[in-house]
Amino acid sequence: MSEAGEATTTTTTTLPQAPTEAAAAAPQDPAPKSPVGSGAPQAAAPAPAAHVAGNPGGDAAPAATGTAAAASLATAAGSEDAEKKVLATKVLGTVKWFNVRNGYGFINRNDTKEDVFVHQTAIKKNNPRKYLRSVGDGETVEFDVVEGEKGAEAANVTGPDGVPVEGSRYAADRRRYRRGYYGRRRGPPRNYAGEEEEEGSGSSEGFDPPATDRQFSGARNQLRRPQYRPQYRQRRFPPYHVGQTFDRRSRVLPHPNRIQAGEIGEMKDGVPEGAQLQGPVHRNPTYRPRYRSRGPPRPRPAPAVGEAEDKENQQATSGPNQPSVRRGYRRPYNYRRRPRPPNAPSQDGKEAKAGEAPTENPAPPTQQSSAE
């Protein structure tokens with residue numbers, strides 16, 4: 001029983017072994033002898049290396065990849081250096097011609113009289129007032145000569161002693177106005193808080209600054225605050241409304257200050273001599289009176305026969321001391337055609353006088369006698 005139990009424990013302990021331990025324990029066992037002899041161990045040796053390379057968590061593959069990339073970059077850099085080999089530095093030359101649209105031209109070297117190709121990307125210091133990189137025809141420049149694909153090329157092009165190049169006259173200039181210049185609000189200058197505090201402090205203390213300080217402060221204010229002159233004047237009302245007062249009768253009276261100054265004569269009947277009586281004056285400056293035709297006066301219609309007789313009767317009944325009836329008065333329509341009795345009272349309620357003759361004359365006596 002004891003031997004069987006020991007065998008069971010040994011089997012249970014060997015089952016849960018990790019694969020790494022099994023792999024580590026495998027090389028310790030002696031390798032089986034093969035009939036070939038020494039050739040078998042040489043063939044079995046590369047197996048661990050293949051296992052490490054195939055392991056996804058291993059570091060051998062990324063290291064090899066990074067090394068290959070670095071080597072390729074170094075090779076490319078070396079090839080570029082080999083292509084852009086520097087032949088001369090700080091060489092002076094004269095621009096033969098330069099096309100701004102295409103962006104390339106040629107420079108004639110002063111030492112060897114050789115034409116060197118120049119591209120706009122080779123210009124190192126451009127004119128700050130120019131929008132595009134360029135060099136002007138006949139301009140003296142300083143540059144480095146490098147070996148290009150088709151011949152000598154210019155690089156690091158600047159003016160003499162490293163100053164910016166002048167540029168071509170055909171190149172576009174940059175905009176001259178400052179950003180936001182036209183968007184500024186044009187109005188009177190703003191008051192500075194510091195100046196207001198200084199003025200307030202001087203007035204509160206109760207003494208005036210000396211004359212020299214006033215001169216300096218005035219000059220400083222002129223420098224700080226530019227004089228603002230409006231281009232047009234704003235008038236709310238016409239000038240004839242200024243200095244005048246209006247009353248209920250629409251009479252235009254001068255300002256009291258003008259009366260005190262003696263510009264207008266004495267007052268007569270409550271109205272000064274210089275004042276003029278005018279029609280109704282409107283305060284609204286946009287008011288326009290209605291158009292009235294100024295033609296000849298219209299003729300009045302001739303009075304009717306009955307109206308003429310009434311006027312004669314009124315003149316006869318009214319005495320010399322009685323006031324005349326106002327003009328334009330017309331009697332009602334009902335009283336026009338009524339026959340008036342001889343002794344009827346007049347319109348004013350007074351009876352006709354005894355001495356006055358009746359309005360209707362009697363028939364002549366000759367006719368009466370003949371009738372009898």
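Note that Cβ sites are derived from N, Cα and C of the backbone, with glycine treated the same way.
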From the candidates Ser204, Ser293, the one which Swiss-Prot records as phosphoserine: Ser204
Averaged pLDDT score, the domain 'CSD' (93-157): 92
Surrounding CB atoms that lie within 10 Å of the CB of Ser134 (phosphoserine), all protein chains: 26
